[in-house]
Amino acid sequence: MAREYKIEDYRNFGIMAHIDAGKTTMTERILFYTGKNHKIGETHDGASTMDWMEQEQERGITITSAATTTFWEGRDGRKRRFNIIDTPGHVDFTIEVERSLRVLDGAIALLDANAGVEPQTETVWRQAEKYRVPRMVFVNKMDKIGADFYRSVEMVGSRLGAKALVLQLPIGAENDFEGVVDLIEMQALRWDGSIGASATVGEIPSGLKEKAEEYREKLVEMAVEVDEAATEAYLEGVMPTNEQLVALIRKGTVEVQFHPVLCGTAFKNKGVQPLLDAVVSYLPSPVDVPAISGVDVKTEGETTRESSDDAPLSMLAFKIMNDPFVGSLTFCRIYSGKVQKGISLENTVKRKKERLGRMLQMHSNSREDIEEAFAGDIVALAGLKETTTGDTLCDPLKPVILERMEFPEPVIEIAIEPKTKADQEKMGIALNRLAAEDPSFRVKSDEESGQTIIAGMGELHLDIIVDRMRREFKVEANVGQPQVAYRESITKIAEIDYTHKKQSGGAGQFARVKIIFEPHDGDDFIFESKIVGGAVPKEYIPGVQKGIESVMGSGPLAGFPMLGVKATLVDGGYHDVDSSVLAFEIAARAAFRDGAKKAGAQLLEPIMKVEVVTPEDYVGDVIGDLNSRRGQISGTEARGIATVVNAMVPLANMFGYVNSLRSMSQGRAQYTMQFDHYEPVPSAVALEIQKKYA
């Protein structure tokens with residue numbers, strides 16, 4: 001089967017936004033106008049196509065990225081293939097956003113015209129910045145009371161530190177929002193009728209003429225800056241043609257020099273088609289973005305894979321989902337080469353072979369079997385046994401490991417136990433399945449109490465995990481109180497000289513290590529060897545590192561993992577017969593236990609960045625309450641008629657905050673919270689924690 005659409009006609013993009021900015025509604029409209037949906041699904045009544053998990057429909061928030069393929073005919077009459085990844089907007093699911101951004105070529109950032117740039121928008125924007133994803137901005141909900149397009153544009157600069165390139169101006173606002181002024185064609189587009197299938201083109205309203213000319217001038221000035229020849233021509237008074245202008249805007253967007261801004265209201269079906277045209281005009285195809293880099297497994301050198309069907313096959317697994325009909329589905333982005341059903345693949349991260357069973361093209365919750373897929377495609381593979389999120393699948397003859405994704409450490413833990421004996425075995429299976437799907441969710445056993453502990457990114461994250469166990473796996477479980485994931489570190493330098501000797505008949509054990517333990521600024525563990533003259537033979541040094549790493553998971557104060565430790569092996573001794581890697585491992589373990597105590601161990605707690613948006617009447621109460629939670633207020637600012645309170649608060653003091661904020665503000669204030677950094681625990685609190693965990 002030959003390729004149906006040229007790779008240049010592909011657009012792999014996602015829609016990213018704060019919770020409630022209208023993302024699901026926007027995706028629904030896109031699917032409706034591109035012909036995939038026969039009826040528009042409204043989030044308000046829980047009938048949306050993309051939000052296909054039952055819980056998402058209940059909560060009205062999008063949890064898992066659903067991938068959808070659809071088609072759009074651009075202004076030039078050529079059909080384009082859109083692969084849309086829907087991303088969640090709630091802060092507990094930033095991991096999902098990170099995963100989808102990793103495999104996208106472009107994105108649309110949705111803003112609520114009333115609220116402008118909200119906290120979660122900033123978080124997602126920063127993640128997109130990390131992967132240099134070209135972005136456009138769509139100011140949505142222009143029909144909402146308090147909608148302010150110009151303030152939203154200003155916030156793109158002040159809050160996100162990004163250059164906004166305004167392509168449209170709104171005609172009217174709130175209930176009077178009629179349409180937009182297209183600043184490239186310099187014409188007005190107005191939508192009528194309930195489903196806004198087509199816009200009428202007309203003159204720019206006289207009251208907007210001057211403003212449109214001013215913004216058109218700004219647009220041209222910013223666009224010509226991306227190209228030297230265009231800048232020179234412009235300075236000599238030669239204006240770019242509309243075609244040249246579109247090409248310049250495309251170049252600037254793809255190179256992430258600026259971000260085109262459009263506006264409308266997805267709910268009222270105004271402004272969606274021009275946005276789809278803009279996706280075609282300005283967002284990159286797979287060949288417009290830099291080739292993905294990775295490591296050549298054979299040479300261990302860096303390599304790149306071009307977006308071409310002729311290159312060796314390479315794809316990245318970015319999501320695993322359980323489908324009630326097909327079983328486990330692995331979503332993959334094909335970066336290079338082509339893939340046929342039934343072929344053998346290599347998982348280079350796990351060093352395992354995988355046999356490809358069914359291959360599916362997904363449309364939100366329906367699916368179609370396909371025989372072959374090409375570079376640029378996003379597909380769901382059934383029947384993979386070993387592959388987890390972030391793994392590379394490729395041609396076994398040309399093995400490569402594509403860049404790994406980084407996943408944050410969970411900050412909150414709860415104990416969980418099955419309600420009945422029958423649930424016991426099912427719970428283990430369910431938790432392992434869910435952990436394979438979501439790298440920010442961890443399961444472990446507490447060795448002393450024998451309890452099962454689950455850890456995640458926030459209370460909502462773990463609520464949803466427990467809920468999914470009940471719904472999808474029919475497992476009823478009792479859940480304990482949330483616990484904080486504390487850490488331990490050291491505060492000063494300690495030098496330990498430790499000798500491990502065991503002489504009890506037969507082969508003995510001998511190893512001497514002299515190690516300097518010291519704190520360092522990062523969170524990771526650094527090991528260095530300064531052995532000269534063979535005091536510790538080279539083959540035993542990995543044993544020293546392994547020994548220390550094996551006990552880093554349990555600190556001396558309360559058994560929490562250690563952070564920010566540097567260990568330097570400076571001297572040692574060995575015995576020709578009795579020394580072994582194991583002996584050095586044991587010696588290093590004991591040296592670390594001594595060293596951690598002598599190096600002034602301290603407890604660390606996760607500090608959360610909290611942002612509360614509240615009506616002015618409750619600001620005093622909100623600040624007083626955050627202070628009582630050991631919070632440090634970093635500032636307040638006005639946002640429209642509301643006030644934003646920013647604070648750093650220990651996670652230990654934030655449990656149940658949603659209920660107290662609700663009662664304090666009569667349900668009118670909202671908050672978002674995300675992990676920021678670890679900080680030493682005050683000594684009085686540390687003693688309590690040590691007693692509790694001792």
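Cβ from N, Cα, C; glycine included.
The feature domain 'tr-type G' is assigned by Swiss-Prot to 8-287. The average pLDDT computed for the domain 'tr-type G' (8-287) is 82.
Neighbour list (Met142 (GTP binding site), Cβ cut-off 8 Å, at least 6 residues apart, same chain): Ala113, Phe149, Pro170, Ala173, Phe177, Cys263, Gly264, Thr265, Lys270, Gly271. Marked as GTP binding site by Swiss-Prot on the basis of sequence analysis: 17-24, 86-90, 140-143.
Counted within 10 Å of its Cβ, the other Cβ atoms near Ala17 (GTP binding site) come to 27, all protein chains included.
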